[in-house]
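Take a look at the structure set out below.
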Amino acid sequence: MALNVVILAAGKGTRMRSDLPKVLHPIAHKSMVQHVIDTAHKVGSDAIQLVYGYGADKLQASLGEQQLNWVLQAEQLGTGHAVAQASPHIADNDTVLILYGDVPLIQQSTLEALLAARPENGVAILTVNLANPMGYGRIVRTPCEGQEQGKVVGIIEQKDATAEQLLINEINTGIMAVPGKQLKAWLSRLSNNNAQGEYYLTDIIAMAHDDGVAIDTAQPQSAIEVEGANNRVQLAQLERAYQAREAEKLMLAGANLRDPSRIDIRGEVTVGMDVMIDINVIFEGKVTLGNNVTIGAGAILIDCEIADNAEIKPYSIIEGAKLGVAASAGPFARLRPGAELKQDAHIGNFVEVKKAVIGVGSKAGHLAYLGDAVIGDGVNIGAGTITCNYDGANKHLTVIEDNVFVGSDTQLVAPVTIGKGATLGAGSTITRDVGENELVITRVKQKHLTGWQRPVKIKK
C-alpha cells in the first residue's frame, strides 16, 4: 500500500499583502511549503501531489527540480475541490495523507502517529483541543460504548455550526489519512450547499460515518504544529515557535545557549557536549560543532565544520569552512568557502580567508587577505599581508611552507612559493619564489632629507 501525499498550496494569501504566493513565505530561511514537503519525505511518501494555483511560475521556480506531481487548481472552490483535482493521480489502494502548504511546523512524529491511528480501510483525523476554538471546524462525536470521547460522526464548519456545536473545543486541523478508493468516491459526492458556497473536504467524514467506515483521531504534541500563517504577524509567530523548538533540541543535545530566545537556526545543526553559544548567533545550512566549542555573540555560521575545543569569536562569518581542534577565528573574521584552519591555527580580526589552508599553529592576527593559498605549520602572517591571487583573468596559488615569518604589509604576487623558515621583511612585494631560510626585503632604501619644511596653509 503506497503512501500518496496531497499538499494543498493553491491559495494566494491576500492578507500577506505580497506578490509572493503564501506558501513560499519563509520560516527559518525555507519556504513553508518546503518544510511540509521535507516532512512528507521523512514519513516515507511514495508520491507527492502538489495542488497549486496562484503564482505558479514562482512556485515552480522555487520547487521545480523536486520530485513532485504538479496538480493545477484553476479556481479555488474549497479544500474538497482542491483534493479532487488530485484524484486522477490517486490509486485505489493508496493511503492518502492530506497536508497543507501553509502549516509548516507539523512534525514527522505526529504524522507517523496519525498514520498508525488509521484503522484498516478507515480514516484518521488529526484533531486538537483549544480553549478558544473560534474560526475552526468542530469535531462532532456521538456517545459510543468503549470510547470515552465518543465516536466521530462528522466535522461542522464554524459558519454552519449550531450554538451547541460552537461549544465544542475539539477542532479539525484539516490533516487526515484516508483510503484512496473511498476518498475518490466521497469527493465525487461533495456539494457546495453551505454557508460559504465551497466544497468542504470535511464533509467526507460524515460520508465515511454513513458508509460504516471506521474513523479514529490522533493529536499533535503541541497545537503550534497545526497552526497556519495567513498574515505576517502569524508568520512571525510561527518563526518564533520554530526557533524555540530548535533551540530546545540543541540544549537537550548538549549545548548551553546564553539566551535561547536570541538564536536563529536556519538549517541543520549538530552539536557535541558542552558547547557554548552566545546571543544573536545565526546558523544556516549544515553546521557541525564538536565538543567544547565556543561561539561568540553575533557570529554567522553557514555550512561549516567546527572541531573540538575550537572557538569562533564575536561577529565572525564562517561559511563553507573547517576549523580543526582548538583552532580559533575572530573577532570580526571572515572565512569563505574552502577555508580550512588546522589544529591550533588562529585567524584574527579583519582577516579574510578564501580557499586556503592554514597549517597547524599558524596565525594571521589582523588585517590580512589570504586567498588561494596553502600555508604550512608554524607560520606567522603579519598585519596587512595580501596574497595577490587574481591577475584579472585567472586565480593563482600562493604556497607558504612551514615556519615562515611574513612581515607586516607584505604582498605575495601569485603564483609564488615561500620556502621553509624564510623571513619576508615588512613592506615587501614578493614576485618570485623564495628559498628556504632566506631573508627577503624588497622595500626602497630609506632616505633622510634634512631642512625640509612642511607646506604652510595659504590664508584666503
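Each Cβ is built from the backbone N, Cα and C atoms, and glycine gets one as well.
As given in Swiss-Prot:
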{"type": "ACT_SITE", "residues": "His366", "note": "active site, proton acceptor"}
{"type": "BINDING", "residues": "8-11, Lys22, Gln73, 78-79, 100-102, Gly137, Glu157, Asn172, Asn230, Arg336, Lys354, Tyr369, Asn380", "note": "UDP-N-acetyl-alpha-D-glucosamine binding site"}
{"type": "BINDING", "residues": "Asp102, Asn230", "note": "Mg(2+) binding site"}
{"type": "BINDING", "residues": "Ala383, Asn389, Tyr390, Ser408, Ala426, Arg443", "note": "acetyl-CoA binding site"}
{"type": "REGION", "residues": "1-232", "note": "region 'Pyrophosphorylase'"}
{"type": "REGION", "residues": "233-253", "note": "region 'Linker'"}
{"type": "REGION", "residues": "254-460", "note": "region 'N-acetyltransferase'"}
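Structure with Swiss-Prot features highlighted.
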residue	record	contacts (Cβ under 8 Å, 6+ apart)
Gly78	UDP-N-acetyl-alpha-D-glucosamine binding site	Asn192, Gln196, Glu198, Tyr199, Tyr200, Leu201
Gly101	UDP-N-acetyl-alpha-D-glucosamine binding site	Ile7, Leu8, Ala9, Lys22, Val23, Met32, Val33, Val36, Leu50
Glu157	UDP-N-acetyl-alpha-D-glucosamine binding site	Gly137, Asn194, Ala195, Gln196, Tyr200, Thr202
Asn230	Mg(2+) binding site	Gly13, Arg15, Met16, Lys22, Asp102
His366	active site, proton acceptor	Gly348, Asn349, Phe350, Val351, Ala383
Asn380	UDP-N-acetyl-alpha-D-glucosamine binding site	Ser362, Lys363, Val404, Phe405, Val406
Asn389	acetyl-CoA binding site	Gly371, Asp372, Ala373, Lys395, His396, Leu397, Thr398, Ala414
Ser408	acetyl-CoA binding site	Gly382, Ala383, Gly384, Thr385, Ala426, Gly427
Arg443	acetyl-CoA binding site	Gly425, Ala426, Gly427, Ser428
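Within the chain carrying the region 'Linker' (233-253), a Cβ under 8 angstroms from the stretch's Cβ atoms is held by residues 16, 25, 27-28, 32, 104-105, 224, 227, 260-261, 263-265, 269-271, 275, 277, all 6 or more beyond its ends. The candidate set comprises the binding-site residues Leu8, Ala383, Ala426. Of these, Leu8 has the most other Cβ atoms within 10 Å. In the structure shown, across all protein chains, Gly11 is the one of the binding-site residues Gly11, Arg336, Tyr390 with the greatest number of other Cβ atoms within 10 Å.
Reported as a whole number, the C-alpha separation between Tyr390 (acetyl-CoA binding site) and Arg336 (UDP-N-acetyl-alpha-D-glucosamine binding site) equals 16 Å. Residue pairs drawn from Ala383, Asn389, Tyr390, Ser408, Ala426, Arg443, the listed acetyl-CoA binders, are separated by up to 22 Å at the Cα level.
Taken residue by residue with DSSP, His366 (active site, proton acceptor) is part of a strand. DSSP assigns Leu8 (UDP-N-acetyl-alpha-D-glucosamine binding site) to a strand segment in the three-state reduction. With DSSP classes pooled into helix, strand and coil, the tally for the region 'Linker' (233-253) is 21 helix, 0 strand, 0 coil.
Counting every protein chain shown, the Cβ of Asp102 (Mg(2+) binding site) has 24 other Cβ atoms within 10 Å.
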